[in-house]
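J.: Would you mind keeping the following structure in view while I ask a few things?
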Amino acid sequence: MSARKLQVEIEKTFKKVTDGIAIFDEVYEKLSASNSVSQKEKLEGDLKTQIKKLQRLRDQIKTWASSNDIKDKKALLENRRLIEAKMEEFKAVEREMKIKAFSKEGLSIASKLDPKEKEKQDTIQWISNAVEELERQAELIEAEAESLKATFKRGKKDLSKLSHLSELESRIERHKWHQDKLELIMRRLENSQISPEAVNDIQEDIMYYVECSQSEDFAEDENLYDELNLDEASASYDAERSGRSSSSSHSPSPSASSSSSSENLLQDKAEAEEKVSADASVQDIAEKESLDADKELATNDQEDDEEENQAETQKDGAISNNENMQSEVQTTNPSASTSAVTNITKPTLIQNPSTPLSVSNSKVASPETPNATHTAPKVEMRYASAAAAAAAALAKESPSHHYIMQQVRPETPNSPRLNSTVIQSKWDSLGHTASPKMQTQPVRSVSQSSATTETNVKPTKEENADVPVSSPDYLKDLVNALNTSKEQHKGAIDKEKLTEALNISCVYVPDATDAAKPQYYIPKDPYPVPHYYPQQPLPLFDSSEMTELVDPDTLFYMFYYRPGTYQQYIAGQELKKQSWRFHKKYTTWFQRHEEPKMITDEFESGSYRYFDFEGDWVQRKKADFRFTYQYLEDDDDWTR
């Protein structure tokens, strides 16, 4: 008996829910069609009253759904879902009513949509509703399947229950398949890859499946989505996604790149060690041969013309050897080669400080004694290789020094004398003016030039310490540059005087205000007054704080009788803060007397106050006035 009473109570509640939803829909339609603000507020109150009744019924339904006395809870869940849907609609109405009609957001909402865009949005909306309905049905079927599984007994199989369970599972899979298709249609609609008309053509078939798929005599259309070619779209989407994943898999990993970089570093280090060892061996050989060349300097007094011709022939051979060996030496480290050649030339300068540089290096290029004819090719070969290494490094570092090497010419007997100390001092001056990397290159250039040029040394008894050598053009240029730099340093300005002059010049640096011309006050109606009266207006009249303290009549006076001044600008800004708006057609300030009766995208109409500045200088009221937004002075300020 109690179960029957409970069932009657549930049916009464369902009837109340149906009636309440019908009343809610009726009030909602009236609210959507209304244009009056006051009427909308009244209808919103009616909606709120009705939704509260539905919420109480929803709480009762939730209580019954949670109890175990009722076996079939499908109707309870359905009515609860309907009430919750109406609650969501009421929330949307509340958000819309909170937006003011004359605000920016309100005007943007009221903007008209394109008909095609509106049709697309409507199509997306009903597809979304269909997906939600299928999701709800799938949840109910899953709940039924779970309850059916709970009735199975251990060790016993009921074939009828099993067949019913398999039927439920197939229906769930079919629902999910349709959900995927509908979601794909929505995605293609949003991307404008399919027209809304093509989707609306199959709307009836889709809604037939959504509403009648649970009936016994339902016949499903297997070719429902064939007209939309969704299989090709899904295949292209899957191919694009797989392409992105494959491209990401082909990218090298950080660990692989780091391992390859470490292997490259180890390989470079090994090559550098091999180059250093090779350069060291070349350096040792060059030092030994330079000592042998110094010992043979004593035999240079017995030279004749025949030996000079022989020296020319050997010089040509040394140059050819230099060219042949240059390709092999170029692979060595330039820095190591520089140090090696520097070490070759320095012992000669130290052992014989009074001997010219050309004397110490002449035998390197052309030994002239008959006893040294067998060892000369070896000496020239080794010195040529060292000189080629220096030339390769020098050509990489500085083209100017390569040009200096080419400027060296054979000396003549009538050339002026230049001892080694003078040459060393000039190279030192070159080192001071050059960069640190290039400081060792001049010495290297001298050794190379001495190895590739012909030198004829004929010392006499009177020339014990100084030997005539050629003065190349590049040395003359260096001497001139050195003298010029010394003269410039002598006439340099003292740092203290320079700082003092700079500070004095900064005192008169022009300011940003110097760019604008000063605007002096010129009275409109000048009248002679005593000097103790103010000759200019107070700065207070040009401040926005003053406009906040005066009444609107004063603001109107400042606006109309101070044209083109800053006072007119601040008066207009203050009037806008007080909800006054300027009409450009009538050149009059208007203010809303009440809420407008009608608001559109182009105008609004209602009762307004305006200031009569041409007549009686008073505020007047004008009813049923249409304010066109075209003549509004500032749309942003008006909608703020």
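Any Cβ shown, glycine's included, is placed from N, Cα and C.
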J.: With respect to Swiss-Prot, which of the residues THR49, THR151, THR433 bears the note phosphothreonine?
T.: THR433
J.: For which of TYR474, TYR520, TYR608 does Swiss-Prot record the feature phosphotyrosine?
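T.: The candidate carrying the phosphotyrosine note in Swiss-Prot is TYR474.
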J.: Pick from SER195, SER253: which does Swiss-Prot describe as phosphoserine?
T.: SER253
J.: Write down the residue from SER245, SER249 that Swiss-Prot flags as phosphoserine.
T.: SER249
J.: With Swiss-Prot open, pick whichever of SER251, SER398 is annotated phosphoserine.
T.: SER251
J.: Over the coiled coil (287-331), what does the predicted model average in pLDDT?
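T.: Computed over the coiled coil (287-331), the mean pLDDT is 49 on the 0 to 100 scale.
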